[in-house]
Structure formats: C-alpha cells, structure tokens
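First the structure, in the form of structure tokens, and then the observations on it.
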C-alpha cells in the first residue's frame with residue numbers, strides 16, 4: 001500500500017515559525033513517530049512525504065537516524081493541504097491503485113490502524129478513520145447564538161488515515177480545481193462528487209498535534225504505551 005504524508009505546514013497554532021513536525025516528543029521529532037508507525041505497518045510498502053524543500057535537509061537527517069527499510073520519496077508541497085495532496089497524487093508510482101493519506105501531525109496512529117485502513121480500502125472506493133463524537137455538539141450562527149443540536153449518534157470525528165482509489169481521487173481533485181472547492185480533507189472532495197466514503201473505526205489516542213498542550217498529551221500517551 002502507498003502512503004502519502006502531508007507535511008508542508010508551519011505550526012502557527014504551536015507558536016513556532018518552522019514546521020511543527022520537527023518539534024520533539026520524547027526526544028524524537030513528531031514526523032519520526034509517524035514514520036516509525038508506517039515502518040511497522042506490514043501493509044505499507046512505499047512512503048511519500050509531501051513537504052517544502054526547505055524542510056528536506058531536516059527530514060533527510062531524521063530518516064538517516066531512523067534507518068527505515070521502506071522506500072521514501074520527497075514530494076513538493078503546495079500552498080494548501082489540498083494542493084499538497086494533489087501534488088502527491090501526481091508523484092505516486094504508476095502501479096498505485098489505492099492510496100492512504102495520513103497527516104504527519106497524527107504521530108500516535110498505530111501500525112494496526114494503518115493496516116486496517118490499507119486492508120479496507122481494497123474493498124471500497126473511499127474511507128476515513130473516525131471515532132464517535134462523545135460531546136454534545138451545538139451549531140451556532142456568526143453571533144454565537146445556538147441554532148441546533150445535532151444527534152451525536154450520527155456524528156463522527158474525522159481522523160486520518162484516509163484511503164481512496166487513486167484514479168477516483170485524481171478525478172475529484174481535478175473537479176475541485178474546476179469548481180473552486182476549498183476543503184480540509186480529501187473525503188470532502190469525494191462527498192462533493194457524490195461518491196460514498198466508508199468509516200473505519202479510528203483510535204481515541206490518534207490526536208492531531210496542533211498546540212503545545214497536544215505535545216504534552218502525546219508524550220503522556222507514548223509513555224503509557226511503554227508501561228502497558
């Protein structure tokens with residue numbers, strides 16, 4: 001299975017002016033934990049890191065220390081996540097029929113989750129990892145006035161990996177460019193094109209490291225795994 005890792009962002013909410021994936025959790029850069037999970041996932045055979053060239057020397061140094069046995073390629077990132085994934089799709093080997101896309105900042109995803117998504121995407125056109133929403137969700141207007149309360153039994157918190165048929169995802173990205181759609185994940189492009197996206201049960205610990213508080217939580221989770 002082919003894995004694309006969007007890793008081109010700057011950690012503004014983290015309060016830093018460089019790629020947040022270079023920040024460390026337990027003496028390892030965030031991206032290193034993501035790559036180690038991909039290395040340990042038996043279904044993953046190829047990894048593409050979508051990032052800016054200014055980060056490539058740092059990423060190459062990290063890779064040298066990890067000594068992964070799977071091929072890793074660097075792909076030029078875009079100005080948005082959507083553009084970055086589009087670039088990643090164009091750079092996939094011709095043999096790629098399905099692809100997993102996994103945020104580099106979700107460094108706590110386990111090899112089991114990557115394997116589950118890789119196996120499931122062989123039997124559907126699109127999928128996302130997701131977990132049921134536990135909190136009550138309110139929909140509010142621009143003035144902060146509550147408009148409705150959706151039934152949380154129908155609500156899922158989207159995660160990554162997200163998996164897709166490569167040709168279908170390319171077509172959806174092309175349609176997104178034509179229509180001027182701006183989306184925050186690839187599943188939304190499938191939805192806009194009327195293509196079903198299946199849910200694979202995600203992991204409660206699969207958080208996206210976005211804030212300094214998330215770094216502390218990630219460290220706690222990694223420590224607890226060592227002690228279990």
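Don't overthink the numbers, they just go from 1 along the chain as shown.
Cβ coordinates come from backbone N, Cα and C, glycine included.
For 13 (among others), the entry in Swiss-Prot reads site 'Transition state stabilizer', with the evidence type sequence analysis.
Every protein chain considered, the tally of other Cβ atoms within 10 Å of the Cβ of residue 20 (site 'Transition state stabilizer') stands at 24. Feature annotation from Swiss-Prot assigns site 'Transition state stabilizer' to 20 (among others).
Taken from Swiss-Prot, the feature site 'Positions MEP for the nucleophilic attack' applies to 152 (among others). DSSP assigns residue 152 (site 'Positions MEP for the nucleophilic attack') to a helix in the three-state reduction.
Take the CB of residue 208 (site 'Positions MEP for the nucleophilic attack') and look out to 10 A: across all protein chains shown you find 16 other CB atoms. Look at residue 208 (site 'Positions MEP for the nucleophilic attack'): DSSP puts it in coil. The feature site 'Positions MEP for the nucleophilic attack' is assigned by Swiss-Prot to 208 (among others).
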Cβ contacts of residue 152 (site 'Positions MEP for the nucleophilic attack') (under 8 Å, same chain, 6 or more positions away): 132, 133, 134, 135, 136, 137
Inter-residue Cα distance where the pair is residue 208 (site 'Positions MEP for the nucleophilic attack') and residue 20 (site 'Transition state stabilizer'), in Å: 11
Where residue 20 (site 'Transition state stabilizer') sits in the secondary structure, as DSSP reduces it to three classes: helix
